[in-house]
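Undergrad: Questions regarding the structure given below will be posed in turn.
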Amino acid sequence: MPPRAKKLAHGVRAPIATALGENNSVESEKENILIGPLSGGDDLELLTRKLETLSVEKDNALKLLQVREAELELKTTEEQRLQTLLETKEEEQRKLAERVRKLEKAKEFRPTINVPVNSSATNGSQDSKKKNGAKSDKIKKPLSPFMMWCKEHRHQLKKEHPEASFAEMSRLISEKWKSVPEEEKVPFSERYEIEKAIYQKLISQEKREAEAMKLFQDEENKKNALELLEQYLQFKKEEENDGKKKKKEKDPEKPKKPTSGFFVFSNKRRPQLLEEKLKITEIGKKLGEEWKALDEKQREPYEIIALEDKARYAKELEAYKLKKAMELKEAEDQDREHAKVVKIQALQLLKHKEEIDQVKKTLKDEKMKKKRSKAPIDPNKPKKPPTSYLLFTKENRKLVQQQKPGASFSEINATLAIRWQEMSDEEKQPWVDKAAQARDEYNKALEEFNCKKQEVTPVTNSPVEEQSKV
């Protein structure tokens, strides 16, 4: 029983015991009353009232006992509920800690793959240039003949009509353009055609490069996905073999942080305290107390060493940052060169793909020509026999449709294929036998068909014999 429940039970038992003791005394008094001689009517009435009073007190004590027992039971139930709730919370906390531990482990995974040049990065840089007011590399559309003419004559019309609003100026320019003779519009039209041809050429080249980059990125993404998967599997394998947490790798070239006057003092004083065979905690405490007890003059030698080390750190840190900035610049230059190489590789890949597509198209065209040039198929010719798999799908398709009423045609085919693959050779044997029987029947029917065809087909003379007859 919990301590609180024991304490409460003890508190309940005391008044109950007292009440029971009183009841025992009441019983003894009852006996004395019954045994003792009656002195008179007044005494009898007095004793009767006393007996009734004691009976009432006894009933009250019993009721109090029942109430205290009910309270004790309620307290015990509440403590059990709280204990269960506490255990549940502890279990949830344990599971949460386990999840956090796994996430911390996953954070240690550091893939080492080369990220391909992404067109979205280029677009993002162009957008940032546009926001910052810098010139964008986007190819501009050529101005129409009307816009070219407006560009040359707007200033003059503005001088002639200085008070005209934007809408009025647009109307005046439009009317003026309509009144321009056709021969004066020719130079603008010719210039527009030239710029339009240049624009279309640049746009087609840009589209081709974008298509090439997309094709190249798709290939690179496939390679990177496989490499990333291999690295992750290797990471998981090493994690299982070695449960120890790996320390975060530090840059070996980064300068060591400067020390303080207290650490200089501690490094000098610690060996002396170690000789006294003090505990590590005691040494740390003693070093702190001794350092606090030193005045400024006593601390000065240690602070000078710390200042010198701080100056050393600042100098080394500046050189480190300069070196890292140069390395970053070199990396950016390499990225730009790599982007150029990637573009060339992408164009070569696109060209190779186009050549393959052209070969496929040629083969397809030749196949279609051969198909068209073939003689029409004889309707009496026997049809090729179905395979064992086709027989299986034909018999089981309706069953799958009933099991999956909302499934598409492709999903049903996939389900049938999976079931066929999971079947053993013995289970497949009935359809294999049916397919063999159908193949034998087909071969027999085809042989009969060919024999009949040879009997019906007339023997034609060769071209030489026909010419000799002529």
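Please read every residue number as a count from 1 along the shown chain.
Cβ coordinates are placed from backbone N, Cα and C, and glycine is handled just like the others.
A TrEMBL annotation is a machine prediction, not a hand-curated record.
Annotations for this protein, taken from TrEMBL, read as follows:
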- 44-106: coiled coil (COILED)
- 111-139: region 'Disordered' (REGION)
- 115-126: compositional bias 'Polar residues' (COMPBIAS)
- 127-139: compositional bias 'Basic and acidic residues' (COMPBIAS)
- 139-207: DNA-binding region (DNA_BIND)
- 139-207: domain 'HMG box' (DOMAIN)
- 238-256: compositional bias 'Basic and acidic residues' (COMPBIAS)
- 238-262: region 'Disordered' (REGION)
- 255-321: DNA-binding region (DNA_BIND)
- 255-321: domain 'HMG box' (DOMAIN)
- 361-388: region 'Disordered' (REGION)
- 382-450: DNA-binding region (DNA_BIND)
- 382-450: domain 'HMG box' (DOMAIN)
Undergrad: Take the region 'Disordered' (361-388) and find every residue of the same chain, 6 or more past its ends, with a Cβ under 8 Å from one of its Cβ atoms.
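TA: For the region 'Disordered' (361-388), the nonlocal Cβ contacts are 394, 428, 431-432, 434-435, 438-439, 441-442, 445-446, 449, 453.
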Undergrad: Return the average pLDDT for the DNA-binding region (255-321) as a whole number.
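TA: Averaged over the DNA-binding region (255-321), the predicted model reaches a pLDDT of 88.
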Undergrad: When secondary structure is assigned with DSSP, how many helix, strand and coil residues does the DNA-binding region (139-207) contain?
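TA: When I sort the residues of the DNA-binding region (139-207) into the three classes, I find 56 helix, 0 strand, 13 coil.
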Undergrad: Looking only at the domain 'HMG box' (382-450), what are its DSSP counts of helix, strand and coil residues?
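TA: Computed counts for the domain 'HMG box' (382-450) are 56 helix, 0 strand, 13 coil.
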Undergrad: For the DNA-binding region (255-321), how many residues does DSSP put in helix, in strand and in coil?
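TA: Taking each residue of the DNA-binding region (255-321) in turn, the totals are 55 helix, 0 strand, 12 coil.
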